[in-house]
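*Asks:* Let me begin by handing over the structure; questions about it come next.
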Amino acid sequence: MISESVVDLSRLQFAMTALYHFLFVPLTLGMTFLLAIMESVYVMTGKQVYKDMVKFWGKLFGINFALGVTTGITMEFQFGTNWAYYSHYVGDIFGAPLAIEGLTAFFLESTFIGMFFFGWDRLSKIQHLAVTWLVALGSNLSALWILVANGWMQHPVGAEFNFETMRMELVDFGALLLNPVAQVKFVHTVASGYVTGAVFVLAISSYYLLKKRDLGFARRSFAIASAFGMASILSVIVLGDESGYEVGEVQKAKLAAIEAEWETHPAPASFTLIGFPNEEEQRTDFAVKIPWVLGIIATRSLDEQVIGIKDLIADHEARIRNGMVRYGLLEELRAGNKSPEKIAAFNEVKDDLGYGLLLKKYTPNVVDASEEQIKQAAKDTIPSVASMFWSFRAMVGAGFAMLILFVCAFWASARKNEESKPWLLKFALYSLPLPWIATQTGWFVAEHGRQPWTIGGVLPTHLSASSLSTGDLWGSLIALIAFYTLLLVVEMYLMIRFARLGPSSLHTGRYHFEQLEQHAVKHASPSQADPQQPVNA
């Protein structure tokens with residue numbers, strides 16, 4: 001068996017690379033649509049300021065896009081290096097949407113992004129606008145296929161286990177594509193990216209307004225970001241509610257951990273606003289509850305129960321026992337006893353083989369597992385409650401803070417008095433980290449909440465890892481952290497540098513720092529203006 005330290009280090013390495021990568025992805029998703037909207041306004045109005053907005057914000061987008069691509073490449077290699085059995089077991093299914101993403105969406109995006117930056121003087125207005133919209137389409141199609149793959153990991157549909165090949169095989173591509181978990185995850189994730197882009201533009205525009213510079217540019221950027229952000233944050237909240245319903249349908253252990261729902265209470269269940277989960281005692285101390293809310297969100301009804309952790313553990317224990325039976329039948333089939341009776345018996349409990357594989361963490365002989373090992377494996381099916389509970393509330397808290405921000409910003413922009421509200425501009429500026437807090441904690445909830453599974457109910461995480469040494473993993477982990485941190489420092493340096501320069505970085509002669517230089521030259525000292533003229537003339 002692969003040691004637990006190897007599995008944990010492999011998980012840590014993948015989590016680190018994924019979280020670093022997802023620092024860049026949401027901003028890319030959001031900025032592409034903001035750029036497309038800004039350029040659409042430019043084409044419709046013909047006003048030069050909107051073209052300058054596209055070019056300036058596009059410069060910041062380009063920096064972010066380049067580093068996002070760089071950090072994303074490493075993740076794909078890890079499926080082969082760190083998760084070899086995972087790649088063998090489900091590679092034909094998981095690889096299909098990733099291959100489609102690379103051959104279609106990424107090529108579309110990467111091709112047209114060059115035309116976006118270098119086609120201003122070579123394309124007509126309409127042609128360049130089409131290019132910008134195609135960049136936005138490509139980035140969102142990339143997200144679609146990647147999240148189809150991830151959604152299948154959360155809720156594996158359209159695939160069956162083949163005992164002849166000992167692998168999962170795709171039997172229904174339509175079910176894979178239309179997986180409700182994948183679709184909800186896609187729209188919720190891209191909407192969160194739109195919010196990230198809107199907060200980014202809003203915060204930097206507020207900085208310019210506070211500094212009283214490039215006001216026309218900043219006002220228009222503020223207005224577009226506030227309107228786009230308002231629509232996006234409302235979408236995130238609605239789609240987040242839908243995501244909660246899907247989790248309640250197919251990932252009951254994740255939902256119970258998020259809500260620290262230890263017991264199965266009478267319907268409709270109350271929502272725990274805040275509290276302190278005590279995992280040892282299996283209770284939540286000092287819980288503040290809102291009646292009915294959890295039941296309505298998770299079940300869309302007033303009479304369906306939300307299953308508690310204790311009952312889920314008991315249910316999973318029964319499924320582990322079924323999995324032991326199926327594992328025994330699988331061994332007989334592999335030994336050559338492929339009678340119709342054996343195959344029929346195997347297929348009757350085929351959905352529970354993954355639960356039987358949970359015992360591999362404790363014993364190589366699944367069918368001979370002890371009662372203690374079965375009970376421990378059943379407990380493992382519940383992710384860490386405290387980390388899930390607090391991460392979810394951090395995500396929701398950041399989301400509602402941004403809702404307040406966009407309501408205020410949209411109202412002020414509609415009344416054209418945002419400059420007279422320094423408290424709002426400071427609120428927007430200091431809110432810049434909020435979308436990253438929300439997206440990072442949201443992904444933690446999504447991925448950590450799937451544990452102990454790599455593929456929900458099918459393949460346990462401890463079986464998915466490659467046979468590596470801890471030394472190899474520590475070395476590569478340290479190298480990746482150093483490299484990714486360097487990339488992050490480069491991104492921050494370039495972003496801050498160009499954000500401070502603002503549209504003056506376009507060198508059009510129309511903006512703040514360029515006008516200061518022109519003013520300085522115009523009022524240069526006499527000796528500079530005319531070397532033949534006396535200094536005190």
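Positions of Cβ are set from backbone N, Cα and C atoms, glycine also.
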*Asks:* From Swiss-Prot's topology annotation, check whether I126 and V7 share a side of the membrane.
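*Replies:* Both are annotated on one side of the bilayer.
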*Asks:* Are there residues at least 6 beyond the ends of the transmembrane segment (190-209) whose Cβ is under 8 Å from a Cβ of it, and what are they?
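*Replies:* Distant contacts of the transmembrane segment (190-209): 25-34, 57, 60, 140, 143, 215, 217-219, 221-222, 224-226, 228-229, 232-233, 235-236, 239, 402, 405-406, 409, 418-419, 424-426, 428-429, 431-432, 434-436, 438-439, 442, 499, 502.
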*Asks:* Provide, as an integer number of angstrom, the distance between the C-alpha atoms of H21 (heme b b595 binding site) and M395 (heme b b558 binding site).
*Replies:* 18
*Asks:* Please work out the mean pLDDT for the residues of the topological domain 'Cytoplasmic' (117-131).
*Replies:* 95
*Asks:* Restricting to the chain of M395 (heme b b558 binding site) and a gap of 6 or more, list residues whose Cβ falls under 8 Å of its Cβ, or answer none.
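*Replies:* When sequence neighbours closer than 6 are ignored, M395 (heme b b558 binding site) has I437, A438, T441, G442, V445 within Cβ distance under 8 Å.
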*Asks:* Which stretch, 97-116, 132-151, 222-241, 395-414, tops the Cβ pairs under 8 Å count with the transmembrane segment (25-44)?
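*Replies:* The stretch with the most close Cβ contacts to the transmembrane segment (25-44) is 132-151.
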*Asks:* A 10 Å Cβ contact count, applied to the binding-site residues H21, H188: which residue has the minimum?
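*Replies:* So among H21, H188, the binding-site residues given, the one with the fewest Cβ atoms within 10 Å is H21.
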*Asks:* Using a Cβ cut-off under 8 Å, which residues of the same chain at least 6 positions beyond either end of the topological domain 'Periplasmic' (152-189) come close to it?
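*Replies:* Answer is 29, 88-90, 92-94, 96-97, 143-144, 235-236, 239-240, 242-243, 246, 249-251, 330, 333-334, 346, 350, 353, 446, 450, 454-459.
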